[in-house]
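Under the heading active site, proton donor/acceptor, Swiss-Prot lists His60, citing sequence analysis as support. Swiss-Prot lists Trp20 with the feature substrate binding site, giving sequence analysis as the kind of evidence. The Zn(2+) 1 binding site feature in Swiss-Prot is assigned to His50, His54, Asp56, Glu173. According to Swiss-Prot, the Zn(2+) 2 binding site annotation covers Asp56, His161, Glu173.
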Amino acid sequence: MKASEWIDISQPLNNEIATWPGDTPFSYEVSCTKEQSGSVNIGKVTMSIHTGTHIDAPFHFDNDGKKVIDLDIHVYVGPARIIDVSSMDSIGVKELQQFNLEGVERLLLRTSSHGNAQKFPDIIPFLCAEIAPFLSKKGVRLIGVDVPSVDPLDDKELAAHHQLFQHGIHILENVVLDHVQDGDYELIALPLALTEADGSPVRAIIRPL
C-alpha cells in the first residue's frame, strides 16, 4: 500500500452487523426495483444512529445538548494519532501518561478487545472520566475507540461521555484499527448533516502522514 493511499477504518454496514441489545437492527432492502420503476433500483435503510462506526452528539446523553448539525465539522478532519492500549481493561490518566500526546488533536485508541462486528461484545475496555481534563490540556479535540462506547456497556451515568464533551472532546466509536499500525495519520470521519440527530454514522478513513 502506498503511503498516500486512504485506509478504511469503518465497520461495513450490512444486515448481519451487531447492534446494541434492544436497539433497531440494521436493514437494507431494495424497496423498488428497476423493473418496477422502469429506470432505477431504489434502496431503503432502517437503522439505529449508533450502529457501526459513528459519532455521538451531546444530545445523545443530554436533552439540552448540541445535535449533529451543531457540531464543528473541522474536528472530524485532520491529523490523528493511533496508540495501542490493548493490554488495558480501563484507560485512565496513568495509562495514557506513557504516551507522547502533546499537540495531538485527534486520538484513536486501539483496544483490540472485540474484532467481530457481527456480535455485540459482552464487556469492553472503557475510558475513565478523569482523562477528559488531561486530554483537553494536551490539545485533544476528538477521541476514537474501536468499541461501541467510551463508557462501560451497562453504565447509565455515562461519566466519560459527559466529561469528554464538557472539556470540548468529541466522540467517535466503533472504528476498526486492527489492520493499521500505531502512528500519525490524516483522518476524515465526517458525520451526515442531520439536523435533529443525537449521532451519525460516518465513513472513517485515514492515510499515513
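Counting starts with 1 at the first residue shown.
Cβ coordinates come from backbone N, Cα and C, glycine included.
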Return only the integer: C-alpha distance in Å from the residue listed as 'active site, proton donor/acceptor' to His161 (Zn(2+) 2 binding site). 9
Would you count the other C-beta atoms found within 10 angstroms of the C-beta of the residue listed as 'active site, proton donor/acceptor' for me? 21
Counting only residues 6+ away in sequence within the same chain, which have a CB under 8 Å from the CB of His54 (Zn(2+) 1 binding site)? Leu172, Glu173, Asn174, Gly199, Ser200, Pro201, Val202
Between the C-alpha atoms of Asp56 (Zn(2+) 1 binding site) and His161 (Zn(2+) 2 binding site), the distance in angstrom, to the nearest integer, is 9
Tell me, if you would, which residue among Asp56, Glu173 (binding-site residues) has the fewest other CB atoms within 10 Å in the structure shown? Glu173
Count the other Cβ atoms sitting within 10 Å of the Cβ of His161 (Zn(2+) 2 binding site), across every protein chain shown. 23
